[in-house]
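Peer 1: The structure that follows is given in the form of structure tokens.
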Amino acid sequence: MLEARSNATIQPPLSQAVGYVVVVVIGLIIAFVMMVLTQILKRAAGEDNKKTEMFMTANRTVRTGLTASAVISSWLWTTAMLGSSFVGYDYGVAGPFWFAAGCSPMIVFFALLGISCKRKIPEAHTSLEVVELPMQCLWFLTDYFHTTIILIIACYFSIKAFTFEGIGSIGNLYDLLNAAGQHHPVSGNKDGTYLTMTSKGGILFGILHICSNFGLVIMDTSYFIKAFSAAPSSVVPGYTIGGIAYFSIPWGLGTIMSSVALGLENQPAFPTYPRRMTSTEVSNGLVLPYAAITIAGKGGAAAILLITFMAVTSTLSAQVIAVSSILSFDVYREYFKKSASDRDIIRASHFGVIFFAAFSAGFSTMLHYVGIDLGWTLYMLGVVTCPGIFPMSFTILWRRQSKAAAILSPILVSTTGQILPCVYGTVGSALSPILYSVVITTIRPQNYNWDDFRKEKLALERLQSDLTTVQSRNPEDARDGSQLENGRPSPLDPRELKRWGRIAAFWSVATFLGHWVLWPLPMYGSNYVFGKRFFIAWVVVSIIWLWGTMLVAIFYPLLDGGVQQIKHVVHVLKEERKTKPEKTVESTSPSLPSITEGTERAKGDEGCTD
């Protein structure tokens with residue numbers, strides 16, 4: 001039950017049993033389906049998740065469509081949906097736009113980091129391996145499933161809002177939003193209206209948000225794992241398409257649902273009627289649920305519960321894989337057992353999954369009981385995540401950055417940033433390491449040779465019995481740069497990777513200029529207040545973009561080799577059925593197929609996304 005300051009209570013629209021059905025029953029169904037798919041892919045395509053290269057990086061063959069879908073999924077945090085509606089309620093149409101503009105440029109920018117990693121350390125599994133040197137296929141399919149459900153529901157709300165009798169059309173929504181601005185003017189907005197990009201609070205949030213999100217992306221190992229998992233020709237297109245497509249989700253959904261909440265807040269259908277939402281309710285992220293309940297009743301509440309569950313499981317699964325990868329590769333293999341086998345790495349990773357799941361559950365519970373809400377998270381997170389942006393980027397892109405600069409710059413700035421207000425703290429945390437890294441590196445430059453990256457043997461490769469073990473990390477063994485065997489990736493064409501690097505740099509700059517500079521800033525400076533026709537066009541474009549994102553996320557992976565992979569799996573299973581009676585019954589515990597066998601069985605297919 002949600003309590004307001006007026007002591008009025010809001011009855012929960014769904015019973016507790018519904019929550020258990022969604023969390024437990026649907027969770028078990030998804031887990032069962034993924035386990036079945038694991039066995040099918042192992043038998044039909046040789047994709048054995050008991051081999052570390054497949055479990056962690058899907059043998060580095062994920063194609064563009066599934067990469068783009070996974071990138072979208074990685075940023076479908078609950079904050080993307082709840083937070084965009086929250087800032088829309090506070091700042092009007094400027095809020096969701098700045099939320100979206102703070103996400104897409106740095107997602108596309110990561111394509112540049114990703115292709116740089118492919119060039120300089122193609123066998124890495126985690127971002128810490130990248131830092132250390134100079135100083136899973138089902139995971140993607142799970143992302144695809146979660147993203148599909150969330151985007152279908154988001155598109156449903158984009159249409160349902162205008163079929164609700166209290167709204168009826170985008171023009172009527174404009175009238176409701178205009179009236180809301182007259183009754184409750186927004187401090188810092190032009191004429192106090194919700195219908196303007198000239199919003200002081202909105203642009204301050206935009207500055208804070210893009211800095212915070214650069215920190216979140218660059219310091220998130222799950223993004224590096226996706227880059228390592230993708231085929232070289234898929235990294236840049238996948239991240240670029242995913243980043244540009246993602247823009248529509250917080251923009252479209254946040255604009256529509258926050259406008260619905262503001263416009264219908266004074267009507268009996270709204271859950272808090274006759275009062276407005278309290279600041280606590282808004283900061284807790286209840287704008288989206290209340291708007292959904294208003295236009296769709298219990299069905300809307302169930303839909304929000306479902307997309308919240310999907311968003312949490314999708315993004316948390318990425319973090320679980322990322323943390324378990326760090327614990328298994330960067331801790332266990334590096335400091336405890338350098339000759340760890342596949343079985344050892346997988347076991348350590350499983351322990352990492354259990355540890356991080358328990359830790360994250362306990363930590364989240366602690367945050368809830370101490371009163372940390374969505375608003376605090378959005379405003380303060382950048383102070384913590386931003387110090388590592390430029391040290392990490394320089395580590396990958398600048399050969400002269402020293403180990404001291406990479407380590408000391410974040411420490412120096414985290415201390416200075418935390419004493420400032422959120423915006424200044426976040427900007428200071430993000431930008432100060434530029435000075436610190438350059439100064440420290442100038443004093444003690446390292447001048448690292450990028451060729452040493454490619455000499456490092458990080459992939460698990462040598463076959464011993466039914467398990468693969470770590471090849472000795474001896475630079476002498478890699479001097480010839482010959483074709484790598486038994487699971488290691490083939491050498492990559494440096495000229496082709498440089499070409500992709502230039503393409504990534506172009507799209508990084510173009511996305512930032514388009515989404516953050518050329519589009520919103522002139523509107524901010526013009527003091528323009530939306531007219532009805534302009535607002536209709538604004539909403540229509542966001543809806544079209546949102547539906548386009550859904551089509552890209554759902555159908556592009558299928559067209560980009562997915563249909564062929566399904567046909568291949570069906571064909572192999574049929575062949576197995578035909579030959580099964582002729583085969584002798586084997587032991588119930590057969591040894592695992594080697595990587596070479598798996599490769600032969602999957603010959604003709606590009607990877608797990610085909």
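Backbone N, Cα and C atoms are what each Cβ position is placed from, and that goes for glycine too.
Whatever TrEMBL says is automated annotation, not expert-curated.
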Peer 1: Transmembrane segment per TrEMBL: which of the ranges 376-398, 422-444 is that?
Peer 2: 376-398
Peer 1: Looking at 20-41, 348-370, 503-522, 534-559, which one has the highest count of Cβ pairs under 8 angstroms to the transmembrane segment (97-117)?
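Peer 2: Highest pair count goes to 503-522.
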Peer 1: Grab the same-chain neighbours of the transmembrane segment (503-522) for me: Cβ-Cβ under 8 Å, and only residues 6 or more beyond its ends, written as numbers and ranges.
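Peer 2: Contacts with the transmembrane segment (503-522): 94, 97-98, 100-102, 104-105, 108-109, 111-112, 114-115, 197, 203, 206, 210, 235-236, 239-240, 243-244, 247.
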